[in-house]
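Trainee: Have a look at this one before I ask anything.
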Amino acid sequence: MAAKEVRFHTDAREKMLRGVDILANAVKVTLGPKGRNVVLDKSFGAPRITKDGVTVAKEVELEDKFENMGAQMVREVASKTSDIAGDGTTTATVLAQAIVKEGAKAVASGMNPMDLKRGIDKAVDAIVEELKTNARRVTKNDEIAQVGTISANGDIEIGRFLAEAVEKVGNEGVITVEEAKTAVTELEVVEGMQFDRGYLSPYFVTNPDKMRVELEEPYLLIHEKKLSNLQALLPVLESVVQSGKPLLIIAEDVEGEALATPVVNKLRGGLKIAAVKAPGFGDRRKAMLEDIAILTGGTAISEDLGIKLENVTLNMLGRAKKVVVEKENTTIVDGAGSKSEIQGRVAQIRAQIEETTSDYDREKLQERLAKLAGGVAVIRVGGSTEVEVKERKDRVDDAMHATRAAVEEGVLPGGGVALLRAVKALDSIRTENADQKHGIEIVRRALEAPVRQIAENAGAEGSIIVGKLREKTEFGFGWNAQTNEFGDLYDQGVIDPVKVVRTALQDAASVAGLLITTEAMVAEKPKKDAPLPPMPGGGMDF
């Protein structure tokens with residue numbers, strides 16, 4: 001086992017604080033509409049330019065093990081805030097640095113770290129309640145656009161695209177962000193349910209120009225297993241032919257004569273038909289087929305239910321207004337399933353999302369929920385160069401999460417003003433313990449940090465801006481760094497989601513509390529490289 005180095009008390013905290021400062025100073029330059037860029041070196045390809053706090057934080061790795069521990073703790077603040085709220089990572093980092101700095105000074109002067117932490121926790125709880133009390137619900141589309149614009153560092157186009165996406169797919173819908181192949185940013189909305197499986201044979205194509213199958217008011221045969229035997233399929237095919245409607249077969253696979261016969265039928269013009277593979281794998285495939293069945297009002301044909309293919313009747317098949325099958329995607333528009341059954345299925349998936357502990361499972365369940373309840377919107381981010389596209393995509397990701405959070409819990413005045421105004425909630429906290437009182441004061445001072453940093457990044461003097469804001473008492477009155485004007489931030493469209501502000505403060509205080517109460521640090525001693533062997537002398541034979 002390698003030897004360890006141990007640091008105690010002030011020595012440990014100083015090292016840790018240096019690491020916190022290095023990471024926080026690199027991250028906080030990105031805060032606000034006039035935030036600066038950070039260039040990240042990549043071992044391959046061009047350097048990456050970003051204004052995204054968590055992306056910068058993830059790149060910082062320090063040589064000194066003790067300093068690195070401090071930096072990694074603050075990186076955890078940024079990552080956790082990003083995971084929960086999707087934005088506010090830079091604000092969380094700035095708050096954590098401010099609380100840790102003041103807290104370390106207090107501990108060095110002989111105060112009790114545990115009481116300081118209790119005071120900080122009390123203050124944070126009071127501030128969070130104050131923020132929730134002053135929240136405004138988001139109802140209008142232009143308010144969603146404002147949140148997106150602020151989060152995307154003042155990019156109005158991104159805000160507009162996000163508002164349009166939320167309007168079309170709802171808050172349950174999935175919004176995905178991809179890199180475009182062109183310089184133009186565009187939004188594509190997929191109505192209905194789409195899954196990533198295309199036609200099994202190009203002979204099914206009905207629209208040769210676009211190379212896709214378009215079926216109007218088709219029946220859907222949803223089968224869990226492989227289809228290879230034509231005899232079992234014949235009764236269903238005959239019933240569908242008599243009805244005069246098209247047919248879409250969704251099965252694990254369709255092969256042999258079960259595929260050849262529909263192809264021949266289609267070519268002879270007897271029956272409009274298409275076959276696709278079922279989406280997903282294993283248990284997830286079963287669940288997705290059940291989703292399709294509920295959406296279209298059909299039955300998922302499964303041997304588990306004791307239903308044989310030869311006994312299937314027309315009323316067991318699903319119905320939809322339209323189905324479009326492309327080379328790699330199938331879209332079912334306006335399924336004929338009953339509203340109550342779809343809502344029941346949605347509630348069931350929501351319950352599974354609450355219960356699951358796996359991030360991967362949660363993501364897949366969210367996708368299924370969106371396909372049933374909302375729709376799918378794809379924002380394709382364009383730019384002149386790869387570096388620009390990546391930087392813009394980072395901002396679109398942030399803005400997307402911020403708009404979701406705004407619809408969930410409402411909004412507050414932006415620009416760090418909400419935290420500054422919420423300070424009055426600290427006046428009502430009663431405690432006899434002097435160290436706890438100091439913990440509350442630490443939070444009071446730290447809440448100014450975001451406003452100061454936004455001002456400094458915009459080239460203004462932080463203390464003057466804070467002083468002017470203190471002169472007015474209205475909750476929405478603040479400073480717009482983009483236009484360098486004072487006024488009502490709600491009217492100017494400078495707003496932040498409650499969830500983002502709240503999460504940033506809670507995560508910052510949580511990690512700062514741990515750092516303040518740290519008394520010892522243990523790290524592996526750096527290994528000294530063994531000396532190289534002496535060079536062989538001249539004329540020596542080997």
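Positions of Cβ are set from backbone N, Cα and C atoms, glycine also.
Straight from Swiss-Prot, here's the annotation block:
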| type | residues | note |
| --- | --- | --- |
| BINDING | Thr30, Leu31, Gly32, Pro33, Lys51, Asp87, Gly88, Thr89, Thr90, Thr91, Gly415, Asp496 | ATP binding site |
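Map these features onto the structure and tell me what's around them.
Mentor: Applying an 8 A CB threshold to same-chain residues 6+ apart, the list for Lys51 (ATP binding site) reads Thr30, Gly35, Arg36, Asn37, Val38, Asn153, Glu391, Asp394, Arg395. In the three-state DSSP scheme, Lys51 (ATP binding site) is classed as coil.
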Trainee: Near the Cβ of Gly88 (ATP binding site), how many other Cβ atoms are there if near means within 10 Å?
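Mentor: Result for Gly88 (ATP binding site): 32 neighbouring Cβ atoms inside 10 Å.
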Trainee: If we count other C-beta atoms within 10 Å, could you say which of the binding-site residues Thr30, Thr90 has the fewest?
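Mentor: Among the binding-site residues Thr30, Thr90, the lowest count of other Cβ atoms within 10 Å belongs to Thr30.
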Trainee: Just how spread out is the ATP site if you go by the largest Cα to Cα distance in Å among Thr30, Leu31, Gly32, Pro33, Lys51, Asp87, Gly88, Thr89, Thr90, Thr91, Gly415, Asp496?
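Mentor: Max Cα-Cα spread across the ATP binders: 17 Å.
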Trainee: When a 10 Å sphere is centred on the Cβ of Gly32 (ATP binding site), how many other Cβ atoms does it contain?
Mentor: 27
Trainee: Would you count the other CB atoms within 10 A of the CB of Gly415 (ATP binding site), including those on all shown protein chains?
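Mentor: Its Cβ shell of radius 10 Å holds 27 other Cβ atoms.
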